[in-house]
Amino acid sequence: MATPSQHDLRNDFRALLASSECYFTASVFDPMSARIAADLGFEVGILGGSVASLQVLAAPDFALITLSEFVEQATRIGRVTRLPVIADADHGYGNALNVMRTITELERAGVAALTIEDTLLPAQYGHKSTDLIPLDEGVGKMRAALEARIDPAMAIIARTNAGQLDDEAAVERVCAYQAAGVDAICLVGVRDFDHLERLAAPLDIPLMLVTYGNPELRDRARLAALGVRVVVNGHAAYFAAIKATYDCLREQRDIAASELNASQLATRYSTLDEYREWARDYMDVKE
């Protein structure tokens, strides 16, 4: 089957945003997973930054992967995908000028959309790992992203962590990003539907929600009614692949089955505890 053009896939994603439905993403992390997701009927996929870090570096989600490494993985997926893919571009790999470079490279890679977040990344000395950059800086990044885009069909999505802010500050951020001209808002840290309603009320553009499977946010019809068009429940397919690989290799070595789950395996083999210790020792990063 022929692979659609990058522009066609971007228009497909635009159609999702313009619809009245809510779509759940497939976690795609390599060309094979992208093909499987399309064959199973998923309408949209996402290449997560955390998943790319695990897949490319076997490292945790500490903003360690470089733009070039992330773009290489996105390009591999882009060569074969038959569904639009959102790239989780983290903080844009630096300041507003770095964001412009990120947009250029990911557009060439063929992604249909990308998110730029306002988290203070990489983690800074003495800060919490969840701290956000100043609002003015965040707006500058979004404006830079829009300026760097060549194909207007590629969607630029502003991402912020509503769980780290009070409602007033969160609304101020999303409204500022909407005013900057982004195509959608991605919210992380939404607690429940009451919280979502307060954040969505002043917005006129579509929403993307990262829920990590939050049971308080499972009603797809209600999500759609509030303007949520894309939901990321997590990256279960990738973690299932880790678990399947581990169990298969243990069996080949005639080692008894393990009780470790996929999350525990990812923690062990990404050496997450070491990275956390280094961040505390060398950077005084707060959890």
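Cβ coordinates come from backbone N, Cα and C, glycine included.
Annotated features, as they stand in Swiss-Prot:
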BINDING   SER50, ARG159, HIS235  substrate binding site
BINDING   ASP88  Mg(2+) binding site
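Within 8 Å of the centroid of the Cβ atoms of SER50, ARG159, HIS235, where the record puts substrate, the same chain has further Cβ atoms from ILE46, GLY48, GLY49, VAL51, ASP61, ASP88, VAL210, VAL232. Annotation for SER50 (substrate binding site): spatial neighbours PRO60, ASP61, ASP88, HIS235, criterion Cβ-Cβ under 8 Å with sequence separation of six or more.
Within the same chain, residues at least 6 positions away in sequence whose Cβ sits under 8 Å from that of ARG159 (substrate binding site) are THR115, ILE116, GLU117, ASP118, ILE185, CYS186, LEU187, VAL188, MET208, VAL210. Under the DSSP three-state reduction, HIS235 (substrate binding site) is assigned to coil, being neither helix nor strand. Annotation note: SER50 (substrate binding site) sits in a helical segment as assigned by DSSP.
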